[in-house]
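Have a look at the structure below, then the notes.
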Amino acid sequence: MQPRLILASTSPRRRKLLKIFLKEFEIVDPQIPEIPESSAEETARKLSLLKALSVFERNPDAIVIGADTVVEIDGKILGKPENPNEAKQQLLTLSGRWHTVHTAVAVVNKLEVWQKHFVAKVKFRKVPNDFIDFYANNFSVGKAGSYGLQDLGAVFVEHIVGDPYVVIGLPIGELALYLKKKGWWNFETTREDDQSWF
């Protein structure tokens, strides 16, 4: 029998990724302010843990998964844009250049806290300004760095060094193996229908 698992996130991308290998889990909004720290890694680590802890405090019988993704270029954190104009500026900054994506995952239960930090490097190709405008106006808001690899934002991406799921926001390989090691996920709790991302 699968234990009670909660994803501390309202991200549709993380929900879909977790559905690849988990049959049942709950979704709870962590309701925490996403305030950046001094570095991208520290920000991702702290926010993933705070998200998991916030939900765990309200659900102490559960195993809670928290995650956070931060985009960094030239030592500067690019947060989630609040409007299309901010998104356009972020995309122009990334255009034709390499940047770093940090994703941290935290799993909290009544016995322990597990946390891991992952890094991927992404190279943007140069794209026409009209595409940047279109994407910023229709897809960017709410996404770290103003783009999503899993949607039309893939047009921006020329190269990735590392796990693509780090860029999407939940490195499911490491997470699945950790849950399996702890006995919280097995083949009986895997979805039987096709839940592949693509």
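Along the chain as shown, the residues are counted starting at 1.
Each Cβ is built from the backbone N, Cα and C atoms, and glycine gets one as well.
With a cut-off of 8 Å between CB atoms and residues at least 6 apart in sequence, the same chain places Gly148, Gln150, Ile168, Gly169, Leu170 near Arg13 (site 'Important for substrate specificity'), listed in sequence order. Positions annotated as site 'Important for substrate specificity' by TrEMBL: Arg13 (among others).
Per TrEMBL, the feature active site, proton acceptor maps to Asp68. Neighbour count (other Cβ atoms within 10 Å of the Cβ, all protein chains): 27 for Asp68 (active site, proton acceptor).
Here the Cβ of Thr69 (site 'Important for substrate specificity') has 28 other Cβ atoms within 10 Å, regardless of which shown protein chain they belong to. As annotated by TrEMBL, site 'Important for substrate specificity' applies to Thr69 (among others).
According to DSSP, Gln150 (site 'Important for substrate specificity') is assigned to coil rather than to any helix or strand. Per TrEMBL, site 'Important for substrate specificity' is recorded for Gln150 (among others).
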| note | Using a 10 Å radius on the Cβ of Gln150 (site 'Important for substrate specificity'), the other Cβ atoms enclosed count 19
| Arg13 (site 'Important for substrate specificity') - helix vs strand vs coil (DSSP) | helix
